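Have a look at the structure below before the remarks.
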Amino acid sequence: MDDAGEICSFSRSSSSAREDDEEDQRWAALEKLPTYDRARTALLAMPPDGELREVNVQRLAAVERRALLQRVAGVADDHARFLAKFKERVDRVGIKLPTVEVRYENLNIEAESYVGRRGLPTILNTYTIIMEGLTNALCITKKITHKIPILHNVSGIIKPHRMTLLLGPPGSGKTSLLLALAGTSTLKVSGTITYNGHSMEEFVPQRSAAYVSQHDVHMAELTVRETVNFAAKCQGVGHHYDLLMELLRREKEQNIKPDPEIDIYLKAATTGEQKAEVVTNHILKILGLDICADTIVGNNMLRGISGGQKKRLTTAEMIVTPGRALFMDEISTGLDSSTTFQIVNTIRQTIRILGGTAVIALLQPAPETYELFDDIILLSDGQVVYNGPRDHVLEFFKSVGFKCPERKCVADFLQEVTSRKDQKQYWIGSDDTYQYVPVTMIAEAFQSFHVGQAIRSELAIPFEKSKNHPAALATSKYGVSMKELLKANIYREILLMKRNSFLYIFKAIQLKLVAINAMTVFIRTNMYRDSIENGRSYMGALFYGMMMIVYSALAEMGPAIAKLPVLFKQRDLLYYPSWTYSLPSWIIKIPISFLNTTVWVFLTYYVIGFDPNVLRFFRQFLVLFVLCEVIYALFRFIVALTRHPVIASNMGPFCILIFMLSCGFILTRDDVKKWWIWLYWISPLMYALNALAVNEFLGQIWNKSILGYKGPLGRLVLGSSSFLPETKWYWISIGALLGYVLLFNVLYTICLTFLTHAKEIINDEANSYHATRHSSAGNKGMVLPFVPLSITFEDIRYSVDTPEAFKAKGMTEGRLELLKDISGSFRQGVLTALMGVSGAGKTTLLDVLAGRKTSGYVQGSITISGYPKKQETFARISGYCEQNDIHSPNVTVYESLMFSAWLRLPVEIDSATRKMFVYEVMELVEILSLKDALVGLPGVSGLSSERRKRLTIAVELVANPSIIFMDEPTSGLDARAAAIVMRAIRNTVDTGRTVVCTIHQPSIEIFESFDELFLMKQGGEEIYVGPIGRQSCELIKYFEAIQGVSKIKDGYNPSTWMLEVTSTTQEQRTCVDFSQIYKNSELYRRNKNLIKELSAPPEGSSDLSFPTQYSQLFLTQWLACLWKQHLSYWRNPPYIVVRYLFTIVVALLFGTMFWGIGKKRQNQQTLFSIMGAMYSACMAMGVQNSSSVQPAIFVERTIFYRERASHMYSALSYALGQVAIEFPYIFLQTIIYCVLVYAMVGYEWTCAKFLWYLFFMFFTLSYFTFYGMMMAGLTPNNAMSAVVSTAFYNIWNLFSGFLIPRIRIPVWWRWYYWMCPVAWTLNGLLTSQFGDVNDKFNNGVSVSDFIESYFGYKQDLLWVAAVAVVSFAILFAFLFGLSLRLFNFQKR
């Protein structure tokens, strides 16, 4: 046996020696190549036998590419080893890596804004600001705004090779400091900031540094890999290619053989088409995102990655930059302490080894994470309280009289020691000697401390610019060539089109259906060419086809607006210039225009009976295709100009209206007033319709004479509409349309280049964190009566249909299981922590228990105090603080809480008690000073993330629930705010309530404030359910008893230790299955017995029930919803103010264009013009109301889903509130329009006629508005709503009776005429104004007789039209309510 072993060993060693010899020979051959070729050539071990192959990394075959990516993926498995090897390689040849030292001196930052009540965006304030702007422009008054100081005269140095932790309470100026240091601040900054002695003007800071925002702004439809890969393609490799070339040159000179693993990685990451993919895979691996790399990012309405993964994605997207300085803002929100430690440690390894510079702001760093940092910057009230080595920070605070207690995290101590409320507990002396030490005094003391003196001394000596490495600071504006940036944007645009392919397919099918509808209405068997009047029918068909193309493009505005936040972020960070974004969004959409035009023209042209000449067929196609491009470009320009969904949805219909009025169909060129004739000549629709008309009516089929007229019939038809009748005008019109395509796309690009988001409004009280006053209410419990309840659950399984991405990877199971046999109990008076690594299923379990899942498959039993859970009852006695803080943006903190309390507290609670209770809860979570602060939109305006989190908790607490689920209540909070929240939660539990919290990164103090722990591992399995114990003794005892688990270190955070020792990596290393160990433990059996005990109803008890489905009566629900909607509308100027401005402009436009036409009776064309005015106003203002209400509905609908899940109100009461609040605004809009138009157009001034006009316009605007609301309720998103709405706008347009009167509509479609609301509007408007007019036209026919004979309108049936328009308004409002009740498009 020994001989055999020796022979085998010798054989293996001989084989190994041969492989080494072969590798040496290949390396020797490689070394002989020129440096340029060697940079592109590497030795790659090919699977499965590891055969070495010489490959060109720039031109890889598919199999080589896969092998390369597999090989370099292994590099990320040990990031520190890789970095050390790389550093060793560059050190061997004497290459010095670039470093950056950042200095800031006498730095001041301030903002300018309206504050207090003037800061609230009410309609009145908006009009006041507009008037002030006008008076300021005329130098009559001065701008009344306040300067809000953020940072005061701060100075410091951030050195390379060192990790700097930025601490400070919210509102202290952390984000402003990071933005200023990164060179991306939009506020007023004074003082000096230098990189290696160079001012910001001497280099490109956006490419020399990377700012990682605390807000996760991504395109929801892209996957994680695609998001990071796009960033990598745009950022490029920086100086790394030059480094590689120099490295290879020196190694060749010194005859040094590089490490093969490092060599192939560097070459793959800096050259070839796969370089972005290599960097992307590496970053995803080290940040733990490789497990969700092919999952879409998602958003509130589209299921995607978790909040913690989204936060890591934000980090990944930015650290692909080759910049040497990192400024990272709250990157740990939503991450567990173990994951945070790993990420920060990975960054630390990079910074330490490669000489980078990093400033990272963290909210609740665990002690072990805190110790990874070298330096500390502590901000408070806009001043630097400490800036220096971590080792001296406790020494400094001890010198001013404060000491950090044992088992207290130093980071938590630092954030609390400057707070007026928390400072006293850290005072070294006796309570009698304590006096509050203001932040200014501490900051002054730091200047005298030896660390502060050393910084001042160093700042006094300028940095020697000669020491600056040439590659340290970027001087080129963009990372790669314009060609590469354009390719990256084109590829991304194609991806987005694929992900939204359903939308485009749906739109094409819809267009096909409308085309079938149109061609069967204008069918050739009913279309004649024997009179000018019949020629008008053909003109109407051309006009309708043109407007169909125009309206179909409206749906593009929603998706375009949704992408703007990502564009502005990436543009400002110099990912790419705006034109590389705008050009693909134009070019890639050309096939969509081609498809839409093809569907329309190919279906309708010959069926309607246009000129059969095939050349004229393709000419019509060309006009409509180019017009489609014009309208898409116009709407993109509007989106970029307004940058707001509501304003854009108003501007779109407004532009359509102007161009439609001036196109020559509704009002002929001869009838256009001389002061508006310029509008006729600049209207793109005029050129489109003129080209269509010339193409059709100059055809051979129209070249015939009719009795009583001279010249061909086609020219007579053109002349009757005042169109330009020469053939040349077809090509002139095509040229004009192409010019508009270019113009609007250029304007779109200019807007994207120079415009930014509107400045947010700052509330004075919300701005100051330390405005929160000390309150003794922090120790109070809630006083309202409630029923203590427990919840048990057994063998819970939750699964979803297997995603396509998993199937593509070979997963054959039909369902993906996210929770596996989960059992437990949550009891009254017991505070339970639900913990686990990111992706363990914590939020999923809470969603299942709370009944919030809208998809998937749930198995198992859930009982409430022994009785089976009934969701209707459970929603009444439970509260759920969701991870995403979803609130109505246009109400204040106090109003949000009052609304929740009003609808969720029992009807027996009177208003005074309810108000007192709300104030008590505000004091409990310390948001009383913020009661008048506007909530706002996350990341845009209003409350900061930590205040929003406290509001989320308060909204549930005011419901006085018996059971409360809290999903990451301390996520996004600093240590002090987290302590406030935990005190409030602890007080809540002490009143006898059942509270469960998922929690990340708890400090020792917060973790040990919980009574029990429910611990889950990745894969949705429980591994510990039981008591934590005093100083976590029970938890530690359980895990230390497991073989292979390392003992906890003294002073180590038990929660962090627990997550580390139970991680998947540790399970694999120790071969331990913690889930199986738990299920075989005595603790598991004890829990099973407890579940069994609690699952049986107590003797003499009864199942909880309520006499009504909701806490409040229907009328109260409606009043509460109406009250909140009133506040939301009053504070939504983009919606209301723009609507009224639009109405005024439209009224003046109509009044001046149709001036005095209501008094004329000369001929029938005059009546057609009057009806055209009515038709245009009805369609334009109606579509504007319908399209502008939809974004407002979608913003509130997400909040509605949360509130409905809590059983606050019925869908019908909410819908009625939404409908009712529109009536006063629509009525005022109607008054404005009717008074102006009625007077200027010259309708007959009688009370009855004016009231009829008012009546029909009011209900027309009402049913259009309610139709828009109904469509928002029936569709999953704004884009789909716009697409579906557009179809009905066009159908209503067709059957309105204007393009083709009822008597000319084919009999098989005439039934729909009676179902068209616009037809009844035109009937009512025309009949009420002219149905009793007996004046005669030039041909002797009276006005009333012509109306009855041509249109079929009868004066004595006016009341039918009135009933019809009222009925449509009621119908659409009812369907809106029904849609909210029946459909839930939120995917959870």
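Residue 1 is the first one shown; counting continues down the chain.
Even glycines carry a Cβ here, placed using N, Cα and C.
Features of the protein shown, as given by Swiss-Prot:
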- 1-24: region 'Disordered' (REGION)
- 135-406: domain 'ABC transporter 1' (DOMAIN)
- Gly168, Pro169, Pro170, Gly171, Ser172, Gly173, Lys174, Thr175: ATP 1 binding site (BINDING)
- 503-523: transmembrane segment (TRANSMEM)
- 541-561: transmembrane segment (TRANSMEM)
- 590-610: transmembrane segment (TRANSMEM)
- 621-641: transmembrane segment (TRANSMEM)
- 646-666: transmembrane segment (TRANSMEM)
- 675-695: transmembrane segment (TRANSMEM)
- Gly836, Val837, Ser838, Gly839, Ala840, Gly841, Lys842, Thr843: ATP 2 binding site (BINDING)
- 1116-1330: domain 'ABC transmembrane type-2 2' (DOMAIN)
- 1136-1156: transmembrane segment (TRANSMEM)
- 1167-1183: transmembrane segment (TRANSMEM)
- 1223-1243: transmembrane segment (TRANSMEM)
- 1250-1270: transmembrane segment (TRANSMEM)
- 1305-1325: transmembrane segment (TRANSMEM)
- 1357-1377: transmembrane segment (TRANSMEM)
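Taking the features listed in Swiss-Prot, we show where each one sits on the structure.
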residue	record	DSSP (3 states)
Gly168	ATP 1 binding site	coil
Gly173	ATP 1 binding site	coil
Gly836	ATP 2 binding site	strand
Gly841	ATP 2 binding site	coil
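Within 10 Å of its Cβ, the residue among the binding-site residues Gly168, Pro170, Gly173 with the fewest other Cβ atoms is Pro170. Using the rule of three or more Cβ pairs under 8 Å, pairs at least 6 apart in sequence, the transmembrane segment (590-610) is in contact with the transmembrane segment (503-523).
For the binding-site residues shown (Val837, Ala840), fewest C-beta neighbours within 10 angstroms: Val837. Cβ neighbour count within 10 Å across all protein chains ranks Lys842 highest among the binding-site residues Lys174, Lys842. Contact check: the transmembrane segment (1167-1183) against the transmembrane segment (1305-1325) gives at least three Cβ pairs closer than 8 Å, residues 6 or more apart, which meets the contact criterion. Its Cβ taken as reference, Gly836 (ATP 2 binding site) is surrounded by 26 other Cβ atoms within 10 Å in the chains shown.
Scoring each of the binding-site residues (Ser172, Thr175, Ser838, Thr843) by how many neighbouring Cβ atoms lie within 10 Å, the top position goes to Ser172. On its own chain, Gly841 (ATP 2 binding site) has Tyr798, Leu818, Leu819, Met1016, Gly1019, Gly1020 as residues at least 6 apart in sequence with a Cβ closer than 8 Å to its own Cβ.
Remote same-chain residues near the transmembrane segment (646-666) are listed as 539-540, 543, 546-547, 550-551, 554, 557, 561, 634-635, 638-639, 672, 676, 679-680, 683-686, 688-690, 721-723, 1132, 1134-1135, 1138-1139, 1142, 1145-1146, 1149-1150, 1153, 1169, 1172-1173, 1175-1176, 1179-1181, 1183-1184, 1187-1188, 1190-1192 (criterion: CB distance under 8 Å, separation of at least six residues from the stretch ends). Checked against Thr843 (ATP 2 binding site), the binding-site residues Gly168, Pro170, Ser172, Gly173, Thr175 differ in C-alpha distance, with Pro170 being the nearest. The ATP 2 site is defined by Gly836, Val837, Ser838, Gly839, Ala840, Gly841, Lys842, Thr843, and by the 8 Å test on Cβ atoms against their centroid, the other residues of the chain that qualify are Ser306, Asp336, Thr844, Met1016, Gln1018. When the Cα of Lys842 (ATP 2 binding site) is compared against those of the binding-site residues Gly168, Pro170, Gly171, Ser172, Thr175, the shortest separation belongs to Pro170.
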